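One structure below.
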Amino acid sequence: MSDILQELLRVSEKAANIARACRQQETLFQLLIEEKKEGEKNKKFAVDFKTLADVLVQEVIKENMENKFPGLGKKIFGEESNEFTNDLGEKIIMRLGPTEEETVALLSKVLNGNKLASEALAKVVHQDVFFSDPALDSVEINIPQDILGIWVDPIDSTYQYIKGSADITPNQGIFPSGLQCVTVLIGVYDIQTGVPLMGVINQPFVSQDLHTRRWRGQCYWGLSYLGTNIHSLLPPVSTRSNSETQSQGTQNPSSEGSCPFSVVISTSEKETIKGALSRVCGERIFRAAGAGYKSLCVILGLADIYIFSEDTTFKWDSCAAHAILRAMGGGMVDLKECLERNPDTGLDLPQLVYHVGNEGAAGVDQWANKGGLIAYRSEKQLETFLSRLLQHLAPVATHT
């Protein structure tokens, strides 16, 4: 079923084109921000935004996949509602028209009659994109289409996308904030078992041309199914900038003496976790925006572990990266269950699953990774990391 993965790569690039187009014109971008409805609010942010770009990307992915693989479109789920309300109070359902003209007409309603903006967006939405990876051409794998479900985060790290900082300096290859932290996430999972099977992460804003001010991106993918494990990082990606490549090359986790782990965390991480991590990792703690981007840092070898103790990431944030990490021999586990687990019992690591919601939860919370998460590339390294983390968390736990 590598043809599905090829198509997901193509639509992820189309999505990245839309994200870039919306950022290219600041005046246009100001029109595209609408506050999220109450049921969709992500409680991590005091002010959370929905962008038309988000919804457009999600609908483009649905529409394109449905056209190529009939029946698959209705099995694509994501963060965004495709309902908008314009200045006239009209409720508009955002669905792509079969022609550019029809999409212009619909966008015009959403954008309160701004025809120029509507035409510019419709053009990108209907533009053909030719994008594939030759490495997938030789892959013959048959995954039944009827077992597939797809989680989409059309533009992860919306805040960084809206803010649009382009001059952030990376710390050993990891960007703490800025447009580099924005990702398009598409994760395919087995609807019967919840196991992630295929993942695509498209990073629309990797490097900017200093003359044209236009951005170039990068796309990563992985497939893990019945013993077949392939991913785009074999051979190693050589298209990243020199500074990134060097930072990856110098990061040998086992050569750091008493601090063998590097970890990437959210700026909102709990003090108890940060305190324990400082004793396990020393100075090798990096802060970064965006769940998708932090997971990508682990995939790229810029950090060994991504840990997050809150319940404010969701299935659409983690599924794509989880699939790629599985293809690399790693995974993504429930942090709370890991901390409560006795490793001596030989129980399997509590991998995140994607087919069932949280009982009793409503709105987006039913799809939250409620126990937090840890992303990792090496199971052996994860076990060592967990045992050390537990040693330093234990004194804290006894006082609560």
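From the backbone N, Cα and C atoms, a Cβ is placed for every residue, glycine too.
Any TrEMBL annotation is an automated prediction that lacks curation.
Some features that TrEMBL has for this protein:
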BINDING   E79, D153, I155, D156, D317  Mg(2+) binding site
COMPBIAS  238-257  compositional bias 'Polar residues'
REGION    237-259  region 'Disordered'
Which one, from the binding-site residues E79, D156, has the smallest tally of other C-beta atoms lying within 10 Å of its C-beta?
E79
Take the Cβ of I155 (Mg(2+) binding site) and count every other Cβ within 10 Å, whichever protein chain it belongs to.
30
In sequence order, which residues at least six apart in the same chain have a CB under 8 Å from the CB of D317 (Mg(2+) binding site)?
D153, D156, L185, A291, G292, N369
Cβ within 8 Å of the Mg(2+) site centroid (E79, D153, I155, D156, D317 excluded): which residues?
D54, G78, V152, P154, S157, T158, T183, L185, A291, G292, F314, W316
